[in-house]
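Undergrad: Supplied in structure tokens, the structure appears directly below.
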Amino acid sequence: SSDRTRIDKWEKLLPEGKSVEITEHISLMTLDSIMQCAFSYRSNCQMDSDNLYIQTLMDLSHIIHMRFQSPLQHNNFIYWFTPQGRRFRKACRTAHLHTDNVIKERKESLKKEKELEKILKKRHLDFLDILLFAKDEKGVKLSDEDLRAEVDTFMFEGHDTTASGISWILYCLAQHPEHQQRCREEIKDILGDRDTIQDDLGEMRYTTMCIKEGLRLYPPVYVMSREISQPLTFPDGRTLPKGALVGLYLYAMHRNPTVWKDPEVYDPLRFTPENSANRHSFAFMPFSAGPRNCIGQQFAMNEIKVVLALTLLRFELSPDLEKIPIPIPQLVIRSKNGINLYLKKLH
């Protein structure tokens, strides 16, 4: 329902002969979606373009990125006394207030529903229910502070990264109408006369390849760090000791010409089973890899597929050649000047 709200909103917004900047709409939609799916909370943020929480998250993303760029600000004691540090703490308070309200509302509703057994019979447990009923090995429940930290992480990671991925994938398809049309035809064939695609997401094979190629070129989280568990020696003889912190620059890894032929070219066929078979499993990792990979990977892929299906069935996309997006690295890959697309209604 979150994406249908966004689609209906786009139809009303369609300006004659003008492109639409899609990133804010997508960001509001993904927040709406994560709030509904993980927390059964209706935020209605898509209908409120001045949503304070969204603006705060955007602000936090920018502030944290700026802090990474300045080694002097890495020290907390120094940072808290800077204007940027005070701005950061104010933004955190705003975000925490929003999270606290979500948790408070759920606790109130659980009091009314009384026992867990009754809740289990009445509805499917969501992520917030699981957190509220979780106990450690000593039978102790999560503190309010721990609850807030988990919910904040899920809301921030669950909407910001997915919004970035969806926006860039739509841009890639707008640039390549032949792949866009092939996705549209695949979705139509799968749907037939039905109007819901949730049960058939696994059948969207060509669309999935287009999604993966978009995530290769524009991985939402473009850099990540890991602590190495054993000494490492590079082919040129340089070494790193155990415990060293290593940064993985996924944006560059995904464009490595020794792994990807013509790496700047958008080619979904790289991800056919045959072409993927001999590629190293860590050559493509938009959701990281190993035991600490993205906990919401499956949710994100399903959400992207639903968004693409509903969008391509309703609109034909084409790029605004006067406003080519300029990727900039923040906490996720954004565009300096937004992502502007022409939307042509199909029905």
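Just so it is clear, glycine is given a Cβ too, placed from its N, Cα and C backbone atoms.
Annotation source TrEMBL lists heme binding site at Cys294.
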Undergrad: Near the residue listed as 'heme binding site', which residues of its own chain have a C-beta under 8 A away, given they sit six or more steps off in sequence?
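TA: Residues satisfying the criterion: Glu157, Phe287, Ser288, Ala300.
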Undergrad: Could you check what DSSP calls the residue listed as 'heme binding site' once collapsed to helix, strand or coil?
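TA: SS state of the residue listed as 'heme binding site' = coil.
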